[in-house]
Every structure is written in structure tokens, then in C-alpha cells.
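A.B. asks: Below is the structure I would like to discuss, written out as C-alpha cells.
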Amino acid sequence: MRVFNFSAGPAAMPEEVLRQAADEMLDWGGSGMSVMEMSHRGKEFMTIHEEALTDLRELLQVPSSHHILFLQGGGLGENAIVPMNLMGRKARADFVVTGSWSQKSFKEAQKYGTVHLAASGETANGFTHVPARAEWSLSDDPAYVHLCTNETIHGVETFEIPDLGDIPLVADASSHILSRPMDIAKYGVLFGGAQKNIGMAGVTVVIVREDLLERSMSICPSAFEWKTVALNNSMYNTPPTYAIYIAGLVFKWLKKQGGLTAIEARNVEKAKLLYDTIDSSSFYLNKVERNARSRMNVPFFLADESRNEDFLAGAKARGLVQLKGHKSVGGMRASIYNAVPLEGVKALVEYMREFEQRGA
């Protein structure tokens, strides 16, 4: 029996994608081979690779000024790869910290140059909001400004992207990429690990503006130098072939759903249902300011935290799994990515209401 999986990542996948991958496991397209067995330079995999790139560019409306790269290392790896690619000319970068992931980025970049905390969304209740542009204190001519546009742990999402003029904006969009349309032209660099909305763990998508390919540090490994990867069409080293194949299936699934505008409407409906349930109750609490609440990652706390394990056990018995909050913040977290159906969220809120009534 399939469960409703609320994991933050690796996360729920579209069942249609899983079934197609299963059907093609031993023989992709009449080739007599699994995708796992293909040469990454063979015509079969090159077809998969090019279709994935084309479909992703179409879904996100990526302009011709930007390259799409398939890399390895995950979002966490990009915390080092970004400064090594952008600090070659200016060894200073600014950071807007809105949660745990941008904190990690801020700390990692200190190994490669001077970093400046331009703004923080931390309050007495933890990370609960996104500082407005007027609150940012930018340094003089930084190499880039880094922003995590969706904080997976704290459930904080950035919806308003400021115009920084000539300063490149770097966005870690790992946990909400493909959940809604985005104006890619506003970003110098946008990256995301695959294991949320793109597919399975193993491939990292990096979208980088052409003019930023000439700014790498000499210490940057060639396998992670964006210019080298771009010139070689993400084939400089052996790419994560099966992860790219799965991502390609997800892209086609998204197109069949109506693209990102249609997906956004579904995600708004799911998030509203869950947040309304939390807000209408004195038994559950979400601490994030309403205009910064993530549509993808919804953390919440029980008024009586001694009942956390009972809540999780009861949820699991209902087929509602992976609801435990991150160890650094506790409580619960429901990650409701694209592949989590509305029926799953309805089942969760029904259980939440019943659990509250039993404890009343």
C-alpha cells in the first residue's frame, strides 16, 4: 500500500513517474539496456539528457542568457561551489540569512573570502520572516548576494525578489524550485538539489547567467567550474545519468499537469488547507509570519509536546509518514511538494482534527 509521504527530502515522487521508471528499468526505448547501463555519451542517453534540458528550460522559461547545468554535490555542495565560481574577481559576498540553510551557506563561504551579513530574519521565536529589501545593509560592490528562497527547516519562503541592479543575486531554491513560476532573469545564479521537486537525489540543477562564467577562483575544481561544465554541456565528467533520467520524467509529468501555473494553483490550495487548519486551532501552532510561510514546508508544533510521539504513531497508522520536525527545531513538519496530492493533505488535516478532539 502506498502511503502519503511528507518527507522533506528525498521526498514523494509522482506515482506515474515511478511506474514509468519501473516499466523501463530493463529496457529503455527498445535499447535492451537500463538507463543505468548506458554510456553517458551514447545516443540513447544524449536523447534523455537533451530532452530534460529542453523541458526544464520550457517549464521555468529560462532565458537564452542563462545556462542550465546538471551537476553533483547537492545544494550543500553549492555552498562551496558558488563562492569558488564567483569570488575570483571580488573576494566579498553578502548574505541574507532566513534560516538554517542560508546560515550554512554563510558559514561555508567564509572559507573563500570575506562575507557580510546583510540582513537576518531571526527573532526571539527563531527564523520567522524574510527581511524587506529596505532592511538589507549591503556592502560596497560585493561579488554577489546570497538568499535561500525557501528554508526547508523553518518553513520560510521568499516571494518578493528585489532588483539589485548590477549585483548578481544567488538563490538556493532547492526546496521550492518548480513549485511556481519564477522570473529567472532576476537571478544571476539559481540552484537546487533534485530530491524535493525535481526528482531523486544525485543531480543538482544550476542555472547561471552567461556573464558570470568568467569569475571563478583558481582553486575551483574543474569538475565544478561552471564555465567548464557549460562548455561541455554538463558532460565534462560522467554525470548522474539515472538521476537526470528521473528528473526528465518529472519535467514531462509537470508539463502534463499544465505547467508551473497549474502546479502553483494546486500548491496554494494544499498550503491554505493545512495552514487554515493550524490557525483555527489552539492545539497547533506555526510561528512563521503569514506573508513568509512556505507553501512547500509547513512546520507546526503541538501545544502539548509530550504528545508528539503519540501524534506521529497515530499518523503512521493512518499511512501519513515522515512528519517529524527537523531535530534542530523539533515539532512536526509536513512537506507538501508537487507530488503530494491534495488527498494527502486532506487526510492529514482530518487526522489532525481528530487527534485534537481526542486530547480536548
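Start at 1 and count along the chain as shown; that gives each residue its number.
Glycine is no exception: its Cβ is also placed from the backbone N, Cα and C atoms.
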A.B. asks: Looking at Swiss-Prot, which one out of Thr123, Thr152, Thr261 binds pyridoxal 5'-phosphate in the same site as Trp101, Asp172, Gln195, Asn237, Thr238?
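C.D. replies: Of the residues offered, the record points to Thr152.
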A.B. asks: My understanding is the cutoff is Cβ-Cβ under 8 Å with a sequence separation of 6 or more in the same chain; which residues meet that for Trp101 (pyridoxal 5'-phosphate binding site)?
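C.D. replies: Those within reach of Trp101 (pyridoxal 5'-phosphate binding site), by Cβ under 8 Å and sequence separation of 6 or more, are Gly75, Cys148, Glu151, Thr152, Ile153, Asp172, Ser174.
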A.B. asks: For Thr152, Gln195, Asn237, Thr238, listed as binding-site residues, tell me which one has the smallest number of other Cβ atoms within 10 Å.
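C.D. replies: Taking Thr152, Gln195, Asn237, Thr238 as the binding-site residues, the minimal 10 Å Cβ count falls on Thr238.
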A.B. asks: If you compare CA-to-CA distances from Arg41 (L-glutamate binding site) to each of the recorded positions Gln195, Lys196, Asn237, which comes out shortest?
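C.D. replies: Nearest listed residue in space: Asn237.
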A.B. asks: What does DSSP say about Gln195 (pyridoxal 5'-phosphate binding site): helix, strand or coil?
C.D. replies: coil
